[in-house]
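Enquirer: Please read through the structure below; I'll follow up with questions.
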Amino acid sequence: MAPTSETNGSGNRQDGSTERCVLDSEEKRDVIRDILTEGSQHTLSNNHDAILNGGNEQANTMNNETNDQDESPVIDIHINNVVCTFNLRCHINLKRVAMEGSNVEYRREHGILNMKLRRPRVTANITSSGKVTCTGSTSEAEAKVAARRVARLLQKLGFNVRFSNYRVVNVLGTCILPFGIKLHNFSNQHPGEASYEPELHPGATYRIKPLKATLKIFSTGSITITAPCVANIGLAIEHIYPLVSEFQMEARVESSKQRLKQKRAQHSDFARNGFHEENDDEEEELEFDEEDEYDSEFEESFDSDVIIMPAKAGKGKKRTLPKNELDASDKQKSIVASPKRVKVSHPSYRTAGGVVLTCGENDVGQLGLGADVAEKMRVSCVTIPEPVKQVCAGGMHTVCLTLTGKVFTFGCNDEGALGRDTSEEDSDTVPGLVEGLSNVVQVSAGDSHTAALTEDGRVFAWGNFRDANGLIGLTKKGIEKKPIEMLPDAVVVKISSGSDHLVCLTDLGEIYTQGCAEQGQLGRIAECFSARGGRHGLETILNAGLVRCRKFKTRKMAKFSDIWTGQYMTFAQEKETGDIYAWGLNNYYQLGFGDMENRFLPERVQSFCAMGRQWQTISGGQHHAIALDSDGKVYTLGRADYGRLGLGEGCGEKSEPTLVESLKSETCVDVAAGGCVSFAVTKVGKVFSWGMGTNKQLGLGSEDDAWVPTEVTGKQLENRASLMVSSGGQHTALLAKNVTVGTVP
């Protein structure tokens, strides 16, 4: 039985979701004809010919034979990554692009520049010769749009670019068949095209030379395909389907996994009704065939806090679940006993309520002012039905926490960062309530994810993490569009988000991290495993893991009292000494180390500790950081371009915290860093901004860069005192309260 698919002619779904590849009959015949006329002697199966030609006698015979059977299954082929290349036909000064461009990272050691686009979500690798490679697209059309946008951005920087030699070089797709596959039998039947070495890899490799496609086939029915174009992905699946369908695993009347689910349901019923079934002696031992490799990693036991390993690890083997390997998506609260829940507290919690003011770009509704507003050069008031006590600006969305513990979000929801349904037109451009949350005391936001901390120390998150190659998911299941609990076995007292990582501080002074690890921002993944966990897989970085750090001199395990993040960095304050530890990206000294080496493990920052200050807050941008001490003085370090350090025009990079002289007379209570901007809020409610003005997020009424702190003014700030500030990718959010004229707030 051949699979069927339904999409439009371009391969994109009508609803705009992940691409499903399908071609009509004429397009399929044209593609196959072109391939076969190149001289390949590869012969497709008769069944596949029938699928492609559809009108010949064999296809009609097949259709007649299947009229009385069930309809052919619809196979969803998801395109995960489209790689394209093109040439700009001019020399590109990478250092200049790194200095003047936004969302770029210059990797000197590799001689390439990484440029990240937000819409579409694509990463471009640019060389000085003008060759560009784009990854992360989910359709060929999206890849071409991204390529042209990269060329336009470089053209705006003054380069004489010419868009040429564009082509798609590789496409990655996945699908899941509705049955398991006997890989040994399949590979033995097709020795020329298939190879299966289970001791090296759990999947069989199958190559289709005419299509230049390679398939990884797993016993669960999951298939991963790489091919030079989207069309070949679909043809490869139609070719392989009749071949693997001959080696389907026999369907069980009741699989071991189903029996286990039924037993769980019975156990839950007994617990609810207040009685227990005594049938331990009759408990059936679960048997697994060698090839019955279901894809769940572990199964839970009801008798104790242990997990049963899969059959390939040996029958009956059990081990205790390590605390740092928990995955919230597996609902493992039933495995490890939940800690006693108490009301948590931390000095970072805010209690004063006010109104939300925003400024900057509004291309995806991140200002919360509706779809008709394109941008705001000065702050404007956002309508939220109750007072707000904390506001967080993510990459292209905004999160607001009210005095009653409710969470409102607005902005880009492409990857679930809003945590709510935005199917109604323009509902993402105005504040909307995230349902299912209550008694929230703190929120945080990254590029495409959001997190919330409740008063009993539970952490909920939604959205997605990304790395240089595209999305990696919030959990191993992928994107989460609704709040899920992330660390059920710990009591968390503070959360903080970088662009694509989440940091949690527990009541025991421990730090747990999860998300992207490429720049070392997790503080627990070695550099060799930083790219998607290396051979250990995504679970290593997506499951919350403990950051292990030893104290300076004593070498005892450190406990921490506070945490802060930047886009690609993390800071932590040791509880006893107040010393600052840091890890992550340090290519412009933004961590405070005197070299430009990234830190993949926590390291004490001598430049912070030697100053003898008690640090209250640290906030990181893309390549710089801003710090506030207990005396209310502001310090900056890292990259100096566009005035983001606030030290005046002409200053260079700073490898240690440097006092912002123009704020020396002010007593500040809050600081914040955006990508290329910085902010400070004073004790009397003034807010100062400095840095790049291109995105209007400084709130100064112009697009000029500000090299020194400049007070933010405007009609909406009259008779209001600012409480806090947060800066995102292209916008800024303020929290301010009303004050009586002539009084000191």
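Cβ atoms are placed via backbone N, Cα and C, with glycine included.
Note that TrEMBL annotation is computational and uncurated.
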Enquirer: Can you dig out which of the ranges 36-72, 258-294 TrEMBL describes as region 'Disordered'?
Expert: 258-294
Enquirer: Examine the ranges 1-24, 697-720 and name the one recorded by TrEMBL as region 'Disordered'.
Expert: 1-24
Enquirer: Count the CB pairs under 8 A between the repeat 'RCC1' (354-404) and each of 578-631, 632-684, 685-738, then give me the winner.
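Expert: Between the candidates 578-631, 632-684, 685-738, the best contact partner of the repeat 'RCC1' (354-404) is 685-738.
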Enquirer: With DSSP helix as H/G/I and strand as E/B, how many residues of the repeat 'RCC1' (578-631) fall in helix, strand and coil?
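Expert: The counts are 4 helix, 23 strand, 27 coil.
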Enquirer: Roughly where does the repeat 'RCC1' (685-738) sit in mean pLDDT, to the nearest integer?
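Expert: Mean model confidence (pLDDT) across the repeat 'RCC1' (685-738) is 95.
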Enquirer: Kindly report the helix/strand/coil residue split of the repeat 'RCC1' (457-508) according to DSSP, in that order.
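Expert: Here the numbers are 0 helix, 29 strand, 23 coil.
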